[in-house]
């Protein structure tokens, strides 16, 4: 089989895991544009409890994704993914039958307990060759972006037909369908893949927390998802003042999202071509900042939609570019831990954003949420001055011949061009490399390291 294309197993893994990830994220994202409107009909409603309900999944997700990854090492990836999806479906059913805000929050917490993101990525690594792994991961990443766009359109449509309860049942059905995909479509992994590239290691956390560049990205993704959740605690209700029909909201979100992607793509291309990550990060933050400021003075639907467009262009750019930069900055052999910390900050931001926004709306109104968002963006913009530009650097992991000693492996690595950093993990029978893309020859490296 050519190293340039997917084999049959990799194709099924890329399609199946992308579907599972997308279905799960679709279930979470569909609630963003409707929960703050339909949640008002639930007994015990208050803006503060609604904010908790919107962000609650982030708390349990942040706390449990690492333990779920460890369990997948012991009991198998598919077993843990299926259990996680069952828990996610259970949480959806609990939320669908909620007779109070507290029961809704409980359902959302249970949804988040099905934290299988890191396990899905680990299974993707198990089922792909090094030469194809980045493509498999990219397909999963694209499915997340696509699910977000579909969710903001589909959520208002489904909720208008079946209500909030029906939407949660749809989410539960999606989780059950995902289980079928895991069991009968996705291949079984014969070998464990590059664990250090996908799962968090507690022993590495201390060093990575102190890494200034990674800390900047972790702070950034916390703020990014803080803003997203905080915004959607109140935004749908604000949109309803201009467009009373919730079903019609879908047809306003759709063009905004399409236009935001049209604005984001040139930014991604130019940032990569000019090696100007920091400058484009700052530009994206300024776009989101402009959106928040415009929300505060918007007196018409047109201005409101322009503000939303500005926010989404910046948000989508950061959401697409930050994980790639994180992968480039992560030390060799510690990418999984770096990604684990990043994801925990992401979900933590979602929880804090929902909780704080609900409290602010209840005590001071929508404008106070916008003010806090502006302050958060200004602080983030200030910190990005320290962000380092990185271009053409990536992490790879390769299986090594079992008969080679660590010293022999290091000697062979020294023969390879473009290697910046190397870490040998004998227990995995792998070497983790940070390399310059243009100079590094993957095929040659595989031949050198897999021969005694």
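Cβ from N, Cα, C; glycine included.
Predicted, not measured: the structure shown is a model, and the values here were computed from it.
TrEMBL lists 13-391 with the feature domain 'Major facilitator superfamily (MFS) profile'. The domain 'Major facilitator superfamily (MFS) profile' (13-391) scores a mean pLDDT of 90 in the predicted structure.
Residues annotated as transmembrane segment in TrEMBL: 12-37 (among others).
Under the heading transmembrane segment, TrEMBL lists 49-67 (among others).
The annotation transmembrane segment is assigned in TrEMBL to 79-98 (among others).
Per TrEMBL, the feature transmembrane segment maps to 104-124 (among others).
Taken from TrEMBL, the feature transmembrane segment applies to 136-160 (among others).
Taken from TrEMBL, the feature transmembrane segment covers 166-186 (among others).
Listed by sequence, the residues of this chain that lie at least six past the ends of the transmembrane segment (214-235) yet keep a Cβ under 8 A from its Cβ atoms are 32-33, 35-36, 47, 50-51, 54-55, 58, 208, 281, 288, 292, 308, 311, 315, 318-319, 322, 325-326, 329-330, 338, 341-342, 345-354, 356-358, 361, 366, 369, 372-373, 376-377, 379-380, 383-384, 386-387. Feature annotation from TrEMBL assigns transmembrane segment to 214-235 (among others).
Per TrEMBL, the feature transmembrane segment maps to 250-272 (among others).
Feature annotation from TrEMBL assigns transmembrane segment to 279-295 (among others). Long-range neighbours of the transmembrane segment (279-295) within the same chain, counting only residues 6 or more positions beyond its ends whose Cβ lies under 8 Å from a Cβ of the stretch, are 220, 227, 238, 267, 270-271, 303-304, 306-315, 317-318, 321, 370, 373-374, 377-378, 380-381, 384, 387.
Residues annotated as transmembrane segment in TrEMBL: 301-318 (among others). Sequence-remote contacts of a segment are chain residues at least 6 beyond its ends whose Cβ falls under 8 Å from one of its Cβ atoms, and for the transmembrane segment (301-318) they are 145, 220-221, 224, 227-228, 231, 235, 238-239, 242-243, 252, 256-257, 259-261, 263-264, 267-268, 280-281, 283-288, 290-292, 294-295.
Residues annotated as transmembrane segment in TrEMBL: 339-360 (among others). If you look at the transmembrane segment (339-360), the same-chain residues 6 or more away from its ends with a CB under 8 A from one of its CBs are 46-59, 61-62, 65-66, 69, 112, 117-118, 121, 198-200, 205, 208-209, 214, 217-219, 221-231, 233-234, 322-323, 326-327, 330, 368-369, 372.
Feature annotation from TrEMBL assigns transmembrane segment to 366-383 (among others). Packing against the transmembrane segment (366-383) from elsewhere in the chain are residues 216, 219-220, 223, 226-227, 230-231, 233-234, 238, 282, 285-286, 288-289, 292-293, 295-296, 356-357, 360: each is 6 or more residues past its ends and has a CB under 8 Å from a CB in it.
A Cβ distance under 8 Å defines the sequence-distant neighbours of the transmembrane segment (250-272), meaning residues of its chain 6+ beyond its ends; these are 33, 149, 152-157, 239, 243, 279-280, 283-284, 305, 308-309, 312-313, 315-317, 320-321, 391. Per-stretch counts of Cβ pairs under 8 Å to the transmembrane segment (49-67) identify 104-124 as the leading one among 79-98, 104-124, 166-186. Distant neighbours of the transmembrane segment (166-186): 12-13, 15-17, 19-20, 23-24, 26-27, 30-31, 34, 78, 81-82, 85-86, 88-90, 92-93, 95-96, 107, 114, 123, 127, 155, 158-159; these residues of the same chain sit at least 6 beyond its ends, with a Cβ under 8 Å from one of its Cβ atoms.
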